[in-house]
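These features come from Swiss-Prot:
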type	residues	note
BINDING	Cys83, Cys88, Cys94, Ser328	[4Fe-4S] cluster 1 binding site
BINDING	Cys113, Cys117, Cys120	[4Fe-4S] cluster 2 binding site
DOMAIN	96-317	domain 'Radical SAM core'
Amino acid sequence: MPSTVASIRDYSNIPKSKREEIANGPGLEDFIVKSPTSLNTLFIYYSNFSLPLPPWLKTTIPTSNSYNKLNKDLRNLKLHTVCEEARCPNIGECWGGESGTATATIMVLGDTCTRGCRFCSVKTARKPPPPDPDEPVNTAIALAQWGLDYVVLTSVDRDDLSDGGSNHFAETVKEIKKRNLSMLVETLTPDFRGDKAAIATVVNAGVDVYAHNVETVKNLQWLVRDPRANYEQSLEVLSYAKIVNPNLVTKTSIMLGLGETDESILQTMKDLRSIDVDCITLGQYMQPTRYHIKVKEYVTPAKFQHWEKVGNELGFAYTASGPLVRSSYKAGEFYLKNLVHKRNKTNGSD
């Protein structure tokens, strides 16, 4: 009698339609891992039990004039933000904080992702609508209206596009710089399937900070991220961006509260420093809907302070660590802007 594993690996009798479905990537049904060795782990992460929200994670409903204006401008120009799509808890503060300066992170390439990471609430499809050709110009117009000096551009994954959307990304950066050369641009990119040409296209467009998130520690990648993403590939993306432009500021982010150990967090931070990543942010994972991975632990503010200290000791130029910190949270704050200006002067471009 053939073993169960052998039967699972035999694709010769799978219908053509099913083989195409597998090749195109996972749908929601594929998130149910059927391996017997994974059942106990999956029960922990997908059970109906939810941890009560601690007081330090409760935020206010956004109602400021700055928030309302930014929201209206986005709708009029048909733009998307990761702040909304990912249900970020900081949207009220970033869009209309005490300073009155909007710091929304613009999401290009549409609002539909070709991947289905188990922590993310952005909608998914195997073949999303084509990118809006007017989006680069509309994004630049909106940013010029807001009068910002620092902006974060991010995107969904677009595995359906031959270049992963890198040229669209680059065009958006160029349109922004065309209207305001002094504006600092941070790009938070997907992994582009590890395509070095795509990474170089974005870097060479004139970005000031190149960010790509490893999201979680190595041993939890399979549980948290889409199967097409992996730890080593993310490290290679960050490493190659630095090879293309050694003076480029590189940045990444890790979510905590998914069941990671202190040892695995420390090793991840060491791995990132080994490839000269400059900036790191650490924040609490928040379950966006009941269909996503459950929170395993609400990490205390004191523990986040510990990791900020560790980051500084390891040599990161900038470490932001806190329960509500996200990869683009207060990205344009004073220290990071100064770091970028310093690198630009070293490169002779400031």
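Every residue, even glycine, has its Cβ placed from backbone N, Cα and C.
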- Message: Residues other than Cys113, Cys117, Cys120 within 8 Å, Cβ to Cβ centroid, of the [4Fe-4S] cluster 2 site?
- Response: Arg115, Gly116, Phe119, Ser121, Val122, Thr124, Val156, Asp157, Asp226
- Item | Model confidence over the domain 'Radical SAM core' (96-317), averaged pLDDT | 92
- Around the Cβ of Cys120 ([4Fe-4S] cluster 2 binding site), other Cβ atoms within 10 Å, all chains included, total 23
- Message: In the three-state scheme derived from DSSP, which category covers Cys113 ([4Fe-4S] cluster 2 binding site)?
- Response: strand
- Note on the structure: According to DSSP, Cys120 ([4Fe-4S] cluster 2 binding site) sits in coil
